[in-house]
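Below: one structure, written as structure tokens.
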Amino acid sequence: MKTIYYGATSINGFIADKKNSLDWLFQFDKGGESSGPESYTTFIKDVRAICMGSTTYEWLLEHQISKGQPWPYDMPAWVFTTRNLPTIPGADIRFAKGDVKPVHKEMQQFAAGKNIWVVGGGELAGQFYDAGLLDEVIWQLAPLTLDGGAPLFPRTAKPPFKLLSVKPIMDVFIEVHYSIEY
Ligand SMILES: NC(=O)c1ccc[n+]([C@@H]2O[C@H](COP(=O)([O-])OP(=O)(O)OC[C@H]3O[C@@H](n4cnc5c(N)ncnc54)[C@H](OP(=O)(O)O)[C@@H]3O)[C@@H](O)[C@H]2O)c1
């Protein structure tokens with residue numbers, strides 16, 4: 001069982017642009033997940049619980065659900081928020097707030113030995129890191145920079161992460177995989 005922060009980033013460490021848009025990322029989408037089917041398919045098959053911050057959830061509501069697309073996940077999803085947000089019929093969504101530790105414990109019970117995916121954003125992933133609960137990060141570096149936006153991981157990694165692998169994806173991205181050292 002691992003808790004993994006998996007997602008795509010600009011080279012200079014932004015996961016959404018200043019307008020909270022992902023268009024810079026989806027320009028590379030060739031009909032599958034933007035990070036490449038071979039990466040995502042392998043990753044997601046071992047994931048049994050996911051979590052995200054409310055901005056990410058609201059992005060999905062606005063760009064996918066309101067356009068008639070289905071909720072893309074079939075495992076339980078915890079959405080961190082201090083507000084009352086709408087749910088999605090048929091989707092297993094649980095709202096959480098505050099300390100990530102008890103929520104992580106609950107996610108572990110559902111994951112039953114499989115992995116937990118921290119979808120983002122970076123500050124939420126940082127809260128898992130602060131609590132010593134983040135085991136690995138897998139980031140797909142898109143071949144561009146952005147002039148600001150949502151940060152990938154606003155933390156100082158000390159000690160440095162341990163490199164597990166590096167691989168090109170779709171001749172576009174570079175996927176880096178690190179284990180977190182504490
Ligand atoms: N490139 C990628 O692979 C990737 C991956 C994920 C997300 N994204 C995008 O990147 C952007 C992420 O935005 P972001 O980093 O600003 O935000 P985020 O993590 O999605 O959401 C941040 C919000 O979540 C709530 N929150 C966070 N921690 C909490 C806690 N412990 N307790 C209660 N509430 C908590 C707070 O909002 P409230 O309390 O006000 O609700 C906070 O403002 C989105 O546009 C998303 O679509 C991209």
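Any Cβ shown, glycine's included, is placed from N, Cα and C.
All TrEMBL annotations are machine predictions without curation.
These numbers come from a predicted model, not from an experiment.
Here is what TrEMBL records for this protein:
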- 75-167: domain 'Bacterial bifunctional deaminase-reductase C-terminal' (DOMAIN)
For the domain 'Bacterial bifunctional deaminase-reductase C-terminal' (75-167), residues assigned helix / strand / coil by DSSP | 21 helix, 28 strand, 44 coil
Restricting attention to the domain 'Bacterial bifunctional deaminase-reductase C-terminal' (75-167), give the mean pLDDT.
-> 97
